[in-house]
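Engineer: Here it is: the structure, laid out below.
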Amino acid sequence: MTIGSIKPVKEKKSRKNKQPIVDEKSPLLPTKHGDGGGFDELNGASFSGAVFNLSTTIVGAGIMSLPATMKILGLILGIAVIIFMAFLTEASIELLLRFSRTSKSVSYGGLMGDAFGKCGRMLIQICVLINNIGVLVVYMIIIGDVLSGTTSNSLRYTSALSVALAVVFLVITVGITLFKLINGTVLMPRLLPDVTNLTSFLNLFTVVPVLVTAYICHYNVHSIDNELDDNTQIKGVVRTALALCSSVYVMTSVFGFLLFGDATLDDVLANFSADLGIPFGSLLNDTVRVSYAAHLMLVFPIVFYPLRLNLDGLLFPSARPLASDNLRFASLSIALISVVFLGANFIPSIWDAFQFTGATAAVCIGFIFPAAITLRDRYGVATKRDKILSIFMIVLAVFSNLIAIYSDAYTLFKNGPSHRE
């Protein structure tokens, strides 16, 4: 996959944006220096560190619902849609980065503000709040189901470890599936969707919000770009991260569906609480559940960072940078964690959370807003191809998610709300 042509920048981008409301270049976690208790920015990030950070933003709890999308779409169509979404995500990020270079914006909010004024900046902040609260609620649901505890937040190594833990989950799943395939205990999976009536056809679109959420990373791209020593490396970072995550997604979806078939649950992690029918099955179940819960705990601060930053921008638009105000930093953190915790206790399943955030805030962040910025084209840099692609993204996003919302609402009123296993 290619990220397109982004003009190289010889010097680091300036903090002085047209609307320096929030310090978007503040580090993901503030670090103190000296005896004065002040704060420094992170040192320039390496290519591999940036790839791990972006990959960690992408691969979250959404991967747990991907095998369930295979149950709906079938293996062939499911794999095709996952790969298609990766290319579409890359295209939308390329548009964001190209227009950011032109407008000298150092954040998604700054870019929206440049294109649509104060209302545009506020709209992206609200969408990030909704999306990230929903994602973190899902994290808390899964963590609460498996274990509790705390972990340190050294982001460079935390991101690498979190990706490694996701790979541990994948390796164990692949190993169990191959063992059962050799023993002949795995049934032939459904290759194509089972469409028998209008309701089953509309149900196909319910996978769209899940896939949209699975690839959302746009709100962290600028932060990662700002921390790179060489700004021109961002296109390679995005390409590498998406290629890595797409590979993990495809393998998890295929082998998860192969392993559990039509018994695949909305949260495939819940399938690992049953008897796998293999030697050391109980130990492998615990390893899978604990390793992925640990992965989510390590991802938590990376998703939490833009959530806290955007809430601060909405509530305190003229205040000094958040990283330099310990009281405001702690107060916002405690309040947001409390909201996430309460949400995790009242939302019945991760599928419900993904359906809501994916069909509303996530689709705006990932596709509608980048396309709208391109069509606005304040600096006259959009090509005809860019505008056609933008129209396609908006039409596809609105059409598919409206159908998904309708299908979910129909199912809800007909069968009642789903419940976590």
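Here the Cβ of each residue, glycine as well, is placed from N, Cα and C on the backbone.
Pasting the relevant annotations from TrEMBL:
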- 154-407: domain 'Amino acid transporter transmembrane' (DOMAIN)
- 1-33: region 'Disordered' (REGION)
- 72-93: transmembrane segment (TRANSMEM)
- 122-147: transmembrane segment (TRANSMEM)
- 159-182: transmembrane segment (TRANSMEM)
- 202-221: transmembrane segment (TRANSMEM)
- 241-260: transmembrane segment (TRANSMEM)
- 290-307: transmembrane segment (TRANSMEM)
- 327-347: transmembrane segment (TRANSMEM)
- 353-376: transmembrane segment (TRANSMEM)
- 388-407: transmembrane segment (TRANSMEM)
Engineer: Please determine whether the transmembrane segment (388-407) and the transmembrane segment (202-221) are in contact (criterion: at least three Cβ-Cβ distances under 8 Å, sequence separation 6 or more).
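Structural biologist: With 3 or more qualifying Cβ pairs, these stretches touch.
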Engineer: Taking the transmembrane segment (353-376) as reference, which of 72-93, 159-182, 241-260, 290-307, 327-347 has the most Cβ pairs under 8 angstroms?
Structural biologist: 72-93
Engineer: Between the stretches 72-93, 122-147, 159-182, 202-221, 241-260, which wins on the count of C-beta pairs under 8 angstroms to the transmembrane segment (327-347)?
Structural biologist: 122-147
Engineer: Quick one: find which recorded stretch in 72-93, 122-147, 202-221 has the most Cβ pairs under 8 Å with the transmembrane segment (241-260).
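Structural biologist: Stretch with the highest Cβ contact count: 72-93.
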Engineer: Using a Cβ cut-off of under 8 Å, list the residues of the same chain at least 6 residues beyond the transmembrane segment (202-221) that approach it.
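Structural biologist: For the transmembrane segment (202-221), the sequence-distant neighbours (Cβ-Cβ under 8 Å, at least 6 residues beyond its ends) are 53-54, 57-58, 60, 62-63, 65-66, 68-69, 72-73, 78, 81-82, 85-86, 89, 92-93, 96-97, 108, 124, 128, 131-132, 134-135, 193, 195, 234, 238, 241-242, 245, 249, 302, 305-306, 310, 351, 354-359, 362-363, 365-367, 370, 397, 400-401, 403-404, 406-408, 410-411.
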